[in-house]
Amino acid sequence: MDTKPPRQRLIGLTGGIATGKSTVTDYLQQKYSVPILDADLYARQAVEPGSEILVAIARRYGPEILDQQGQLKRQALGEIVFNNAEEKQWLESQIHPFVGRCFRSALAQLKQEQTVLLSIPLLFEAQLTDWVTEIWVVTCGPQQQVERLIKRNGLTEAEALARITSQMPLAEKVALADVVLDNSGQIADLEPQIIKAWHHR
């Protein structure tokens, strides 16, 4: 008789920028109380005032990359890295190891949880697919991505497009997904897809 404990379900949630990943995580947390580990949250912690990584960023780009309170000017940094692949790679080389340590620490504390969701926008780009047991990709139309970035982040169309094209093409992520969530419609259209994916083990 097989007495091995059931394998922990680790859902890797990813997708293009501004496709609606946070909508999915919010819904799962509210409906199923699933623990959420968020790479974006860890990345923000990595550059908090006084951190070694923020010091390195200021050393590379100058003190004008910080505001008067010593906080990172995210918009200014974005203008640099989303238009320069080499600088983007350098920044990720600083932040990704910190994010990885945060994930490992959090997962070690959640071993008793049946399911954990890891929200990782750069799941494929950072080669973290081995961390998860299944991959969910959130998708929508490219024009919707642009419009959401303009509205949410206050970007110009050119800036929005630069951020989208700096990432792995969404179609390639979809091809590698176990589950595809189409968020090109309303939340009422998305919810049944999330429920179906949740119950499909």
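Every residue gets a Cβ built from N, Cα and C, even glycine.
Some features that Swiss-Prot has for this protein:
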type    : residues                                 : note
DOMAIN  : 10-201                                   : domain 'DPCK'
BINDING : Ala18, Thr19, Gly20, Lys21, Ser22, Thr23 : ATP binding site
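Shown are the binding-site residues Thr19, Ser22, Thr23; the one with the most C-beta atoms within 10 angstroms of its own C-beta is Thr19. Sequence-distant neighbours of Ala18 (ATP binding site) (same chain, six or more apart, CB under 8 Å from its CB) are Cys140, Gln144, Gln145, Arg148, Leu149, Arg152, Ala160, Ile164, listed in sequence order. There are 23 other Cβ atoms within 10 Å of the Cβ belonging to Gly20 (ATP binding site). Taking the centre of the Cβ atoms of Ala18, Thr19, Gly20, Lys21, Ser22, Thr23 as the ATP site, the nearby residues of that chain (Cβ within 8 Å, site residues left out) are Gly15, Val24, Val138, Cys140, Arg148, Asn183. Neighbours of Lys21 (ATP binding site), defined as other CB atoms within 10 A of its CB across all chains, total 23.
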